[in-house]
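> Not my notes, these are from TrEMBL:
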{"type": "REPEAT", "residues": "169-203", "note": "repeat 'PPR'"}
{"type": "REPEAT", "residues": "204-238", "note": "repeat 'PPR'"}
{"type": "REPEAT", "residues": "239-273", "note": "repeat 'PPR'"}
{"type": "REPEAT", "residues": "274-308", "note": "repeat 'PPR'"}
{"type": "REPEAT", "residues": "345-379", "note": "repeat 'PPR'"}
{"type": "REPEAT", "residues": "380-414", "note": "repeat 'PPR'"}
{"type": "REPEAT", "residues": "450-484", "note": "repeat 'PPR'"}
{"type": "REPEAT", "residues": "520-554", "note": "repeat 'PPR'"}
{"type": "REPEAT", "residues": "590-624", "note": "repeat 'PPR'"}
{"type": "REPEAT", "residues": "659-693", "note": "repeat 'PPR'"}
{"type": "REPEAT", "residues": "694-728", "note": "repeat 'PPR'"}
{"type": "REPEAT", "residues": "729-763", "note": "repeat 'PPR'"}
Amino acid sequence: MARRLSKLQYRPLTASSKLSAIPFSTTVSAENPQNSTADGQDHLINDQIHNLRVLLQQGRNETAYNFTKSLILSNPSSFSSPSHLLSLFSSSSDDASLNLTLSDMLLSVCSESKMHRQVSELYDFMRQEGRLPSFGYVRMIVESLVESKKFDNVLDLFKEMVGLGFRPDKLVYGRAMLAAVKLGDLKLAMELFETMKRRKVVPNVFVYNVLIGGLCKEKRIRDAEKLFGEMSVRNLVPNRVTFNTLIDGYCKAGEVDVAIGLRERMKKEKVEPSIITFNSLLSGLCKARRIEEARCMLNEIKCNGFVPDGFTYSIIFDGLLKSDDGARAALDFYREAIGKGVKIDNYTCSILLNGLCKEGKVEKAEEVLKSLVEHGLVPGEVIYNTIVNGYCQIGDMDRAILTIEQMESRGLRPNCIAFNSVIDKFCEMQMIDKAEGWVKKMVGKGIAPSVETYNILIDGYGRLCVFSRCFQILEEMEENGEKPNVISYGSLINCLCKDGKILEAEMVLRDMVGRGVLPNANIYNMLIDGSCTVGKLREALRFFDEMSKNEIGATIVTYNSLIKGLCKMGKLKEAEEMFFLITSTGHCPDVITYNSLISGYSNAGNSQKCLELYETMKKLGIKPTINTFHPLISGCSKEGIKLKETLFNEMLQMNLSPDRVVYNAMIHCYQETGHVQKAFSLQKEMVDMGVRPDNKTYNSLILGHLKEGKFSETKDLVDDMKAKGLIPEADTYSLLIKGHCDLKDFNGAYVWYREMLENGFLPNVCICNELSTGLRKEGRLQEAQSICSEMIANGMDNLDTNEDLSDVAKM
């Protein structure tokens, strides 16, 4: 400080200006109390400014500094702010050098006193006055702006200083890089780093720590490694921050063993760890499901003299809750911690309770909370919100509402989060009136609905297709001072698209843009997927082009929707082109991409291409899903039963459980190839696995029995079908009639024909002709005539036809 003060401007005084003593107060006349108070204050300010000017003119910088400090820090102060003092001083003096000296001095006082906001205000005032501080004080301003988290201002000041010819030192470069990283502009930070080196300013450890931190945050761990290695080349010794940053980066990248190795290097280089070091390692081990090693790490923390904090225990709880043992392991650890006298704070408690609630163990969460309250915990809003949300998730609305009442009885005011959980669940349950009722309760308690509240209602009404109310809510938001955001419009657009109202969804898109809310990739994905679903491929591609024009990057979801739409329309060549576009834009095809292509080629009858895609995705490590096997098993009819069985077994080896679609495809295949017994065995397995047969299942089994001429067993199947609540429809009756006709059992066929008519279904002309012809040959002319009359009465052509009936048999 003495060095700084010695450099301040000096101006000699005239003889009449010299002071023998500095008065720090002035006596004020009390003749008119009200006026004299104001006048006295003005006199005091004038005297203080005058005395300060005299000190500066005399070169008594240290005394001037202390006097300035007392003026700024005194309570109450004569000046509303340091800028106020500087303003009054400048307006009473035209000596530019004295004004600059006081400016620097005030910056120094405020910086030393950690008055960061005031430093920023002083700098703004100086700029307005056309003055700039000396470089030494620029560093102070930069530091204060960083401390105040005014990172945009840091970069503006840096740019301005460089433009005026200042040569930043390593400290200023470092703070500018920190500001860029904090603003998410790592590219700028790296450019500053390169500029710094070009201008022969040697980076220090702080600079490397900032950049390594930024790279790790963006998961560019290899680039962070390179910078870490560069430190050794420059003979810079990594400190604890360097190691902690890299360890955290490795853990978040899933490279826990490398992080542990770095911890060992810390030991060798005698760099002391901190609780942050261990918390990062714990988090990495827990995410990797290495729970036992995490427990050992907890012991190492204690051995190193650290007391595990609330965050440490929250990491363990979070890891245990995600392990195979889940809630049980977390509860055991909780009891162990409580038994050792560990104090669980609100944050740690909320992690544990949230995990239990997610598993549906809300009552257990309540027990834990009760136990913690007995151990001295005072639950806050977050904990109660967690319990309320937990009860809402399991649909126990009575208990959720009771928890809100308990909050109020304990002096806690429920906030939007608690009410939103209840409102959201009522919307999900399609009890929209109750949801609206809870919004009114919110308002009645003086809690204004948030944007999230309105968004929940928009989504709720949208799911019910009550779109007029959705638009009304958007207007209410504006009236109540809540600006709809991209989620507000997104919920409405999503529901309109799902209801096939693409034109209306696009109108909402135009409205949101007109109101200054910019659409994101999710909004366009909804519109593209909705357009593809209703077969409006041209519209989908138009939205895709619009994304590109608006510089909104397409996601894998975008490409998947378009590929699915193209495949659905049979445009497989275009779908393949879109597939190659995925990789060229830096994305990777996923299982949904491959499933769409396999389904497209399956519908086109190209089973060979389906199998090629299936093998490719396996080689790339993309795990097939049950939806992968739907088109594979259904579409590979030409390749025969053996290939289908191979695919079915591969699916089982992948721990994928067959669903109704897969079972039906296999059962149909078995009956088609004459393996009727296998079809019935698979149907039994299907039932045993809890998969309910449907009409298609029974149709395949009925066909199997009919082919073997087992009419009695066929009737039993139909009776069983009815007993299980499945009503035979036209396809089932057509199979029954056709099956009996093929075996010349026209009497049996006529019985099913009569039942079909009684249940409101009509057979087609071919079946009627075949049945009536068979009945005539058997001399049953009355029944044959009855069929002809019923055909005419229903507007059907009574003429014989050569139409192939094989399609019916395949149903």
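Backbone N, Cα and C define each Cβ position, glycine as well.
Remember, TrEMBL labels are computer predictions, not curated facts.
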> State the non-local partners of the repeat 'PPR' (520-554) in its own chain: residues 6+ outside its ends, Cβ under 8 Å from one of its Cβ atoms.
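Same-chain contacts beyond the flanks: 486, 489-490, 493-494, 496-498, 500, 502, 505-506, 509, 512, 561-562, 564-566, 568-569, 571, 585.
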> Please give the sequence-distant neighbours of the repeat 'PPR' (729-763): residues at least 6 beyond its ends with Cβ less than 8 Å from one of its Cβ atoms.
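Residues 695, 698-699, 702-703, 706-707, 709, 711, 714, 718, 721, 770-771, 774-775, 778, 780, 783, 787, 790, 794, 796, 805, 808-809, 811.
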> For the repeat 'PPR' (380-414), could you work out the same-chain residues 6 or more beyond its ends whose Cβ comes under 8 Å from its Cβ atoms?
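Here the qualifying positions are 346-347, 349-350, 353-354, 356-358, 360, 362, 365-366, 369, 421-422, 424-426, 429, 445, 447.
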> Across the repeat 'PPR' (694-728), what is the average pLDDT of the model, as a whole number?
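Here the predicted model's pLDDT, averaged over the repeat 'PPR' (694-728), is 93.
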> Just to be sure I understand, if DSSP states are collapsed into helix, strand and coil, how many residues of the repeat 'PPR' (169-203) fall in each?
26 helix, 0 strand, 9 coil
